[in-house]
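Colleague: Annotations for this protein, taken from TrEMBL, read as follows:
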COMPBIAS  152-161  compositional bias 'Basic and acidic residues'
COMPBIAS  162-181  compositional bias 'Acidic residues'
COMPBIAS  185-194  compositional bias 'Basic and acidic residues'
COMPBIAS  195-244  compositional bias 'Acidic residues'
DOMAIN    133-151  domain 'U2A'/phosphoprotein 32 family A C-terminal'
REGION    152-265  region 'Disordered'
SIGNAL    1-20  signal peptide
């Protein structure tokens, strides 16, 4: 949500200094009010800035723009700029989109310095007096041969496939979505790898426990088997003793006394 339109535009009040300015890629300051025609706090610390929008902030000049080497799209519509565009080639050499609609640009000489912006593909001059000149479109394309679109149309009056603002911002959003998607994939892969390692570790522990259980079972079985063997041996010995007693009981013996009979043991 933009700050109140009656507030002076001072970026330090919007971005706490604990925030890293060099990370900002898009900056929208529409409907704020510049301070004496300047954007206070907009410095070359915004080194990653690619999109800057200062619509209707009361600018009279772009002379105080910092050097923004990565800036590709600059929205300056509905201000009071009437000249001084030569600084753009020095401050923003990689501009591809420039919107000067609704400013006080009256003649082709004012936009001639834009020839030095070799990457400039789209220029908007809606609601500027220069658009009332005869053969305006033809002359601008001759003056700025690097242009592809002027006021949203190419040399053959074919409309641009996307509006400058929406197309460019969507491009930035797509890049961010791709980065987020890659980040999510990476996090997912790392989590799966961690889960796999954990499962492998648990399975290893389970295998060790199973081996220990099997060894204990084998030991117990051997003990039982040994005890059974001992019991069988003892039973065998008892049977042998019992057999001897039975044999002894079956032998007749003379008691040695006269008139006595045989007795069985």
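Positions of Cβ are set from backbone N, Cα and C atoms, glycine also.
Could you place the listed features in the three-dimensional structure?
Modeller: Sequence-distant contacts of the domain 'U2A'/phosphoprotein 32 family A C-terminal' (133-151), counting only residues of its own chain at least 6 positions beyond either end whose CB sits under 8 Å from a CB of the stretch, comprise 107-108, 111-112, 114-115, 117-126, 160, 164.
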Colleague: Across the domain 'U2A'/phosphoprotein 32 family A C-terminal' (133-151), what is the average pLDDT of the model, as a whole number?
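Modeller: Mean per-residue confidence for the domain 'U2A'/phosphoprotein 32 family A C-terminal' (133-151): 98 out of 100.
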